Amino acid sequence: MRECISIHIGQAGIQVGNACWELYCLEHGIQPDGQMPGDKTVGGGDDAFNTFFSETGAGKHVPRAVFVDLEPTVIDEVRTGTYRQLFHPEQLISGKEDAANNFARGHYTIGKEIVDLCLDRIRKLADNCTGLQGFLVFNAVGGGTGSGLGSLLLERLSVDYGKKSKLGFTVYPSPQVSTSVVEPYNSVLSTHSLLEHTDVSILLDNEAIYDICRRSLNIERPTYTNLNRLVSQVISSLTASLRFDGALNVDVTEFQTNLVPYPRIHFMLSSYAPVISAEKAFHEQLSVAEITNSAFEPASMMAKCDPRHGKYMACCLMYRGDVVPKDVNAAVGTIKTKRTIQFVDWCPTGFKCGINYQPPTVVPGGDLAKVQRAVCMISNSTSVAEVFSRIDHKFDLMYAKRAFVHWYVGEGMEEGEFSEAREDLAALEKDYEEVGAEGGDDEDDEGEEY
């Protein structure tokens, strides 16, 4: 088996995790108590969903996941929620005091006390796998736990499981919406370690997802639940090929191979289509070509950056539902002829496609309509650099005055780490610039298409 272990860190990671496991359970017909009436083989079995769930002798399906937070409130919601019987109590790890939005607390003082316990639990899950494929790590880099403890865990995982791939689903701070003042510090410090210790990182950004909810689902005031359900559809589409059998399967390591041209250039944009509400879906049936086009719309991107400002290096399209390879090839052919979607000149083909015959599932009472087919796109585009330059700019404004730095130094960090991390990100922006630079071609012809 090719198992995947999910690690959910901090409030964002856990709440996105809740949405994902809720969706996985619905997709596989697993009840909130872990029983699965449709599963005939008792014990492990070779069923595809065993990549994400392990099975006990009593026929209970347990997610291969760990939830970690430095304070108990968010995990207590899991402990008392609908899916409380799904998880083994040891999988839910919580501390006593939180990281207080401080990277240094999450990484050094408080995170240090809990990290060995986490690794121990992860080790138990890993021992339970026959062929561990890698880790999916969910966190946000704006807070203290997601950024600090998240980086610490990733660093330790690199030591213990060097060759296993690590896929990050990372919530980045939004341009306008901010939940804390020191977000830029935490993000820069955390990205510094994401650069080294994840193989692929998929950037998510609340503001972009708010806008999608408002625009496409007509939700005037989206809640985190609305956001997370949308994100969980993306993550479900990515992992569908591991959990179901399909026509063109895509493995986690395949993402890496196809999307990452250079080790540092591994921050991806994601988009999902169709995002339509139930009342709209009633009147339109979306073809493969239409959903493919809308996946490339800048407005569909789940991070606030405009892919028209950059060039694509590679794209991964994961279709699910009633889709045949012929339609996919036609849709991709059309995309390639569009002048607005530009690829770097050194990567002419740039498309990796996966098809899964399992149609997308929707959460009952959720916002998304039940559709016959959907597509999720993960793309590596040079425009991602916008996200970093925005955070770097905010970092510089604060760091020039050394504002708030004493909170970090007081928790055992050194000021040098700030400048080291900041230089690393400056280098990353430069890398993106060079990757997008043409081989001697001029850049004047971009104006007229839009």
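Using the three backbone atoms N, Cα and C, a Cβ is placed for every residue, glycine included.
Record check: Swiss-Prot places Glu71, Gly144, Thr145, Thr179, Asn206, Asn228 at the GTP site, and the matching candidate among Gln11, Gln342, Gln358 is Gln11. Between the listed ranges 94-114, 430-450, Swiss-Prot ties the annotation region 'Disordered' to 430-450. Sequence-distant neighbours of Asn228 (GTP binding site): residues of the same chain at least 6 apart with a C-beta under 8 Å from its C-beta are Gln15, Val16, Asn18, Ala19. Note: the CA-CA distance between Glu254 (active site) and Thr349 (phosphothreonine) rounds to 16 Å. Cα-Cα distance from Thr145 (GTP binding site) to Thr349 (phosphothreonine): 40 Å (rounded to the nearest whole number).
Ranking the binding-site residues Thr145, Thr179 by how many other Cβ atoms lie within 10 angstroms of each Cβ puts Thr179 at the bottom. Neighbour count (other Cβ atoms within 10 Å of the Cβ, all protein chains): 19 for Glu71 (GTP binding site). Around the Cβ of Glu254 (active site), 15 further Cβ atoms fall within 10 Å across all displayed protein chains.
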